[in-house]
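See below for the structure under consideration.
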Amino acid sequence: MCIRRLLQCPPLQWARRAAFLKHFQSNHQETHRWTHFGGSTYRAVIFDMGGVLIPSPAGVAAEWEIQNHIPSGTIMKAFKEGGENGPWMRFIRGEIKVQDFLQEFGRLCSEMSKTSVPVDSFFSLVTSEQVSKQFPVMTEAITQIRAKGLRTAVLSNNFYFPEGRSFLPLDRKQFDVVVESCLEGICKPDPRIYQLCLERLGLQPSESIFLDDLGPNLKAAASLGIHTIKVHDPETAVKELEALLGFTLRASIPNTRPVRKTMEIPKESLEKYLKDLLGIQTTGPLELLQFDHGQSNPTYYIRLANHQLVLRKKPPGALLPSAHAVEREFRIMKALAKAGVPVPNVVDLCEDSSVIGTPFYLMEYCPGLIYKDPSLPGLEPSQRQAIYTAMNRVLCKIHSVDLQAAGLEDYGKHGDYIPRQVQTWIKQYRASETSTIPAMERLIEWLPLHLPHQQRTTVVHGDFRLDNLLFHPEKPEVLAVLDWELSTLGDPLADVAYSCMAHYLPSSCPVLRGFSDRDLTQLGIPTAEEYFRMYCLHMGIPPIENWNFYMAFCFFRVGAILQGVYKRSLTGQASSATAKQTGKLTEFMFNLAWDFAIKEGFRVFKEMPVTKPLTRSYHAWAGPQSPLSPTGTRSYSSVPEASPAHASKGAMVISPGGLRPPVRELYERLDRFMKQRVYPAEPELQSHQAAEDRWSPPPLIEDLKEKAKAEGLWNLFLPLETDPEKKYGAGLTNVEYAHLCELMGTSLYAPEIFNCSAPDTGNMELLVRYGTEEQKARWLTPLLEGRARSCFAMTEPQVASSDATNIEASIREEDRFYVINGHKWWITGVLDPRCQLCVFMGKTDPHAPSHQQQSVLLVPMDTPGIKIIRPLTVYGLEDAPGGHGEIRFEHVRVPKENMVLGRGRGFEIAQGRLGPGRIHHCMRLIGFSERALALMKARVKSRVAFGKPLVEQGTVLADIAQSRVEIEQARLLVLKAAHLMDVAGNKAAALDIAMIKMVAPSMACHVIDRAIQAFGAAGLSSDYPLAQFFAWARALRFADGPDEVHRATVAKMELKHRT
């Protein structure tokens, strides 16, 4: 239940963040079975949502009613009004949309309260992330249930949002089965929804336990034989569930231990403070543990009622000047959270030392993984690589924070960070000195004489290393950056060097482990040079030559910190049990710092060889030659070629070698043409795009088009199903064309040369499918002959045009004409002087059903009233001569006979047009990616950095492998979609088409980005096609429909057909 039952909940501002706990893999072959008192066997636990997994909105409603001066109980009464036919029940069965529900529900509330009730405000609040957070105790319970081999399900009365997704603010991976009322059309307490859940679990009623907070829902479940638990509060419910199952449902908190004797804090005063702060009325015990990592500020885990918190305090006793400033930690984390940096969610700062003895602050507990050993034992090399990449990227995110926007301009002094730090740590060391360390004395003299010039001022963490990062348990994602005690404004390179210290420390090093005695290539961990290079590339800065200074500074500072920890350990003030070990380690760190100080420079950077730039033509090509395949064809798969007998419409051909003979011959001719004519022409065509007359078609393109026609390489795109008589095209199936389209996609200019470029291909297919004979004669013929170009005007700046029903441009009937008014943009090809036709989509009847309001008109570009406002650029690229334009249509009069298919058929036409057209984009993106990878391979074989060819660098090899895998995966998915379109039709292939539109552009972006990375700055230039490839691939994540729409389509179809 989501909103139906409204229980009390804690104050909104302290609603807990949903916990991300690792799901332990269950052994499905030996499922554990647990018995309760009557001897029955439980194999699954079914959870309601609202009031069980997330707070019931009763308290939200009550507080909201008070804040908005609404009579108490209004929301509850309105929910019950009308019974099964009331607006709420129809809403959760998916029978009415949000807008209709809110309108009817608001009317009911207003009538009951005799005042205007802003129900939109309540709906937004109760569905907000702030309120709808999963109880941590329930998250833990689910994790433990699954770890014991039992199944889990959520059975919720919920509803659709306006964009079509359902309200389920939970991690679906927690559940084996998800049953939502709005998707099923039935809701609790209807017995059918319980039976549906049991069927999907594959269990009998007696094998399940159901948790809900509503009596009628529990009664219905019990009548079927399901054991039930009524939830009054999550903590008590979990205890009842533990009693039934026979095992604990509370996971231990990792990296904690009982509080050390010298680190104890007064629990009674802390508990009183927390209850006042959080508004807790319950009298449950306060659980207090101490985290066993960290050397400076004592850190504790707290559980009180439903709240899990982390407390970080100043240590007791006399402290060094300016050290242990928990107030600054609180401020920086609060600011960075708003800037999008992953940090714990801070709750409160208490500077009153009377509460627990010293100032402290509170933050929400965020479960996850902390990797104490930087060598990451137990992980695969690829996983280690991903962890260090994520670490690098989050450091870049910290260093990219806008200081002014984050309110951190005064968080530290600007400039001279290293000089100030050196003096600060010299003072700290002197204040905690216990004996004379010769290496430190030398450093104190040497460092001030070799200070680097600071290039940038950013937020610096000051202690950025792997064990200060909290990772997601299932993927290489940093959930939170911890321990901000040493943060300030300063030189970001100090953080980079600090995060590389493990590279120079042995694995046997106490307190701070390293891996200097391990084989990094075997581990899959980037070297310090690779890690630093990765950082520089992400931040867009050049490498530095004085890396040795930064490493010397880092080990100097660590030594000073450890000296302070060691001195506190002598008096029992240090927070870590291992603090006494730091005495010996301090001198080791100072010696290591001096080793860096006496080097002439970090040779691996300073002695980078200057190599001659790669001499390679702009038309590099990916085609590896195989003795088993025809010359020039692609054969990347290990699967044997299909025989010609199987290369028919009913077979999915995965390699050009498997094409039927005439198509294979066509592919080979196309391949030769690309190599002999297209690739050599690219430098001239690229130069034309930057020339003064770039908005005029280049004569070379027209010459190549005539040559392509002469060789029969023309209009290859029209699918056989659309043109069965081969009247207009080559009569290829979608699968056959996919292989040719990929080949054309290796050049930005090739599609136009063969008259296979968008948007003309989609417009020509539209005319073939839906045009009258008169329309075909006037528009289709010149387009097929290449004498004209066209554009498609749909996208509008004022609305989200990915939803065609949002289109606002108007088409008004007037005598024998239609009059068009509207504002369009991102109209590809409209700036081309050859563009003679605009296929225009607008609204003819705003009052018709949403999918019957739009119509499509054929608009001659010379019609009065069409005003081109400006050309638009994609990442600064104009894409001349076609370009992308912003246009106004002002009282444009078009003859009625230019209407396509009829009034109100626009949405239908748009869907039909964009099926094959969009899959063509995906096919071309495979070509983009293949060529990018080929260029990358050639580049890394010829370039040398850090004393060896790039191709021998572990990260480069990993990138090449990852790119090959991603290309192959995407290609197979594209071919599968094309195959389904051929054998079952576009409608039957809708799911696969949506999937490739999700996969292909993102894949291409990743592959091309890796190639750009391998090229360095050259990859951003016009000397290679990579920058344009990337711009197009990224643009297609919009132009080809936004990723979010495709994901929603796939998810809906998955839920509808495969649950």
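The backbone N, Cα and C atoms fix where each Cβ goes, glycine too.
Between the stretches 55-84, 625-654, 895-924, TrEMBL puts its region 'Disordered' entry on 625-654. Take the domain 'Aminoglycoside phosphotransferase' (288-520) and the stretches 665-786, 791-892, 904-1052: counting Cβ pairs under 8 Å, 904-1052 has the most. In terms of DSSP secondary structure, the domain 'Acyl-CoA dehydrogenase/oxidase C-terminal' (904-1052) contains 126 helix, 4 strand, 19 coil. Helix, strand and coil counts from DSSP across the domain 'Acyl-CoA oxidase/dehydrogenase middle' (791-892) read 6 helix, 54 strand, 42 coil. Applying DSSP to the domain 'Acyl-CoA dehydrogenase/oxidase N-terminal' (665-786) sorts its residues as follows: 74 helix, 2 strand, 46 coil. On the 0 to 100 pLDDT scale, the model's mean across the domain 'Acyl-CoA dehydrogenase/oxidase N-terminal' (665-786) is 90.
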